[in-house]
Amino acid sequence: MTDTRTLELPQLGEILDRSPVPPERSALPHDLHHEPEPTTLAIPVVGGGEAVVLDEAPSATRTTASLTLTPRRAALALTALAAGAFVTGANEASVVALSPAIAAGLGVPVAQVGLLATAFALTVVLAAIPLTAVTGRLSRRLTLGTTLAVWTTGVVVAATAGSFAQLATGRVISAAAHALFWAIVAPTAASLFAPHLRGRSVTRIMLGAAAAGVVGTPVLTVAGDRLGWQAPYWGLAVLGAVLAVAFALLLPGPAPRDDDEDPADRPAPVRGDLPSRPDFLRVLAVTLTASVAMTTTWTYVVPFVTEVSGIPSATVPVMLALGGTVAVGATLAVGPFLARHAVPTVAVGLALLSGAWTMLALGQGWSGLMAQVLQAAGWAVLLSALLNWAMRHTPWPTDMGASIYTVTMNSGAALGPVVGSVLAARWGLWLLPLASLVLTLGAAAITATADRTMLRRLSVPSQLRRALAARQAVRDRRLEWQRRTAVRAHRPVAAAFAAGQAAARATERGTVRAASAVSDRAGRALRGHVADLDTHLG
């Protein structure tokens, strides 16, 4: 039998020979996963971060209403969404930038001001999923316009606060709106344009979040030092009111309901290309530990560098701007390594953060600046790698996996300031970097438990895994065809049937030969009689 082979990459056979899936058996769903890797983007914002998954999802398909937008209006709407990402990101990081000014203005300890970050993160954790579900059937215009109006209200409450309780109330209100805004801003931006422009449109949104770290936070710090801590919140409130009106004017309204829509026509949700619940839980454990480590110290970084490291307060805005610039550069630089080296990239990010905490613990001015650079680079690398690693292993659609990841990250962001507040109140700010260093090393230890087999699979490009799966499918079909067409001697019914068919064919051949012999004898006898008759007549 000839062996028909398919055209393959040269290294495919060698990799298949090392594959845990034997060629003789079918590839089960848990053996070969060949979905494309999820494309992720994460932007760090002063110890926090905003993250999105760029792959196409049902909620991110272009809406019917968006088809009525002119290109200019769609571009203006995208600009307004990016501006919304800027103001919400700047407001999220405002407590870190303004903590000394807030503490002095309200007459409370800096450790107590850090608890505002806990209230903000905890509100995001509790509000994101319920608010997204409640507003799911509303138009993006109504939802985002109302969201920015509520957000502006919370910022105004914070700006007029004369007590810590009122400031906390304003932060909670703006945090709830922040959670809903970031839950729907990426699908909204994607729905304004054709599907192939999804990555570009969502990237514009993330540039707004990046600007919050590079420009927004330093500006808030300068304004808080010179004009008082309420002034930055008034500026954010004005921008929020303008954006609420812009969303109402620029975003598309509700699309006409199509009762004849076929659910089968909707795009399938994107899933992780190597789904594994244990590996996904491992990523969440690393995420939680690293987030607690980050916010334990970085929530109080401004009073730390001014009081412990001795850096002048006038230098703090420059330091924050430097960190934001380094973070954006690190995010762009690490992107090409995520598809095949997500876990090693996580290790690199944790190593950089460990160096940052070590430098900060030295308590010197130069080491404080060095810590800022290492922290910004390490946190940016870690955020990008953790999100990508989590989305590769999520056993659910990536939008659900991203929600679980975000909840975990914000849970750590809520717990870290509490840990830092307790340590700072009891032993002083000097202990915070050491606590963060211990937690970061713990996250590195969890990362080191990653399964080696899964690490090898993560390093194989999805195109190659798809080729392997296609080759295995061809082999399976070939084996199945051989099984169906081959005669099975151990099946008595089939064997008897085959024997009967052979006997029938033999009988038929014998009958034909006998009839042919009789015909030949009759022909010879007839010819003999004709010859005798001719002789007698002659």
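Think of each number as a place in line: the chain as shown, counted from 1.
The backbone N, Cα and C atoms fix where each Cβ goes, glycine too.
The compositional bias 'Basic and acidic residues' annotation in TrEMBL covers 27-37. Marked as domain 'Major facilitator superfamily (MFS) profile' by TrEMBL: 77-454. TrEMBL lists 1-37 with the feature region 'Disordered'. Residues or ranges marked as transmembrane segment in TrEMBL: 75-98, 110-136, 148-167, 173-193, 205-225, 231-251, 280-302, 314-335, 342-363, 369-390, 402-424, 430-450.
Between the transmembrane segment (430-450) and the transmembrane segment (342-363) there are at least 3 Cβ pairs closer than 8 Å, counting only pairs 6 or more residues apart in sequence, which means the two stretches are in contact.
Here the transmembrane segment (369-390) sits against the transmembrane segment (280-302); at least 3 CB pairs are under 8 Å, leaving out pairs fewer than 6 apart in sequence.
Looking at the domain 'Major facilitator superfamily (MFS) profile' (77-454) alone, the prediction's average pLDDT is 89.
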